[in-house]
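J.: Below: one structure in structure tokens.
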Amino acid sequence: MAELFYDDDADLSIIQGRKVAVLGYGSQGHAHALSLRDSGVDVRVGLHEGSKSKAKAEEQGLRVVTPSEAAAEADVIMILVPDPIQAQVYEESVKDNLKDGDALFFGHGLNIRFGFIKPPAGVDVCMVAPKGPGHLVRRQYEEGRGVPCIVAVEQDASGKGLELALSYAKGIGGTRAGVIKTTFTEETETDLFGEQAVLCGGTAALVKAGFETLTEAGYQPEIAYFECLHELKLIVDLMYEGGLEKMRWSISETAEWGDYVTGPRIITDATKAEMKKVLAEIQDGTFAKNWMAEYHNGLPKYNEYKKADSDHLLETTGRELRKLMSWVNDEEA
């Protein structure tokens, strides 16, 4: 079973005695920086000149400097910029400012796991990753609660990396809910697999296939949309609240019977075999290598896939139907 840590297992004074730089001010960056500050931590935010986030961070009372200045000042550096540019930010702004005894923190392990960033031997390399979006992390902190976090130590130069990571997690409210110890390898590989095979890739492909099956059989796109996409939220919310058991308790017996007898016909042994191939490609670095190459080549295939899905009948139908739903916020991303 997983090893769990709570408030009494973490010493907030450890992170309060350090100087923290948060590089990036997106969803997680703002939650980390503001919550650490409110926990009595010396925080600065590192943003490039011209960043649209600078004014927002300053309005919220944070000191903003360049990433290089932030890294030079701090002895705990949390990198929360997007995965594909982390290595560039590290090379340009962090690498030459690291000193023995410093700590390099991440919210996701991809760049360490696959060697895009190779820290020097004298620094701690840790992860603190809340299992929720930044706005929830911040709101829970302000309400005196917290979002569960995972922590990991890839390189423990000081011999006190775990204590530091737990202290950081306490500073953003994580230990109020509970913190699970993991490794960079486990976090990275399971996170990527979950996104690709289930949460994003698997779910999107399942929804599209169901929608296409109904419309190709002559059913109205609007009805197919409701049955294959819109109502998915109702089911996922029940699973989120109480697992498969609560979902099945809440649906009709007809739906539950269909779940048992039809689900295994959709997700077959062949599907699971393909999932294992996906996992292997994550583990051996194939996915990370291909994704970084795609990103740094200007995202041609990425944009092609994005455009194709945007033009899909599922999406055009959904955009019109959501206009009927006053409770749905369908602002353009």
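Glycine is no exception: its Cβ is also placed from the backbone N, Cα and C atoms.
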J.: In Swiss-Prot, Y25, G26, S27, Q28, S51, S53, D83, P84, I85, Q86 are given as binding NADP(+), so which of G122, G132, G134 is in that site too?
T.: G134
J.: H108 (active site) to D83 (NADP(+) binding site): how many Å between their Cα atoms?
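T.: Between the alpha carbons of H108 (active site) and D83 (NADP(+) binding site) there are 8 Å.
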J.: Give the number of CB atoms, excluding that of I85 (NADP(+) binding site) itself, located within 10 Å of its CB.
T.: 15
J.: For the domain 'KARI C-terminal knotted' (183-328), what does DSSP give as the number of helix, strand and coil residues?
T.: 124 helix, 0 strand, 22 coil
J.: If H, G and I count as helix, E and B as strand, and all else as coil, what does DSSP give for S27 (NADP(+) binding site)?
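T.: DSSP call for S27 (NADP(+) binding site): helix.
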J.: With a 10 Å radius around each C-beta, find which of these binding-site residues (S27, S51, S252) has the fewest other C-beta atoms nearby.
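T.: Fewest other Cβ atoms within 10 Å, among the binding-site residues S27, S51, S252, is found for S252.
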J.: Please find which two of Y25, G26, S27, Q28, S51, S53, D83, P84, I85, Q86, G134 have the most distant C-alpha atoms, given that the record lists them as binding NADP(+), and give only that distance in angstrom, rounded to a whole number.
T.: 19
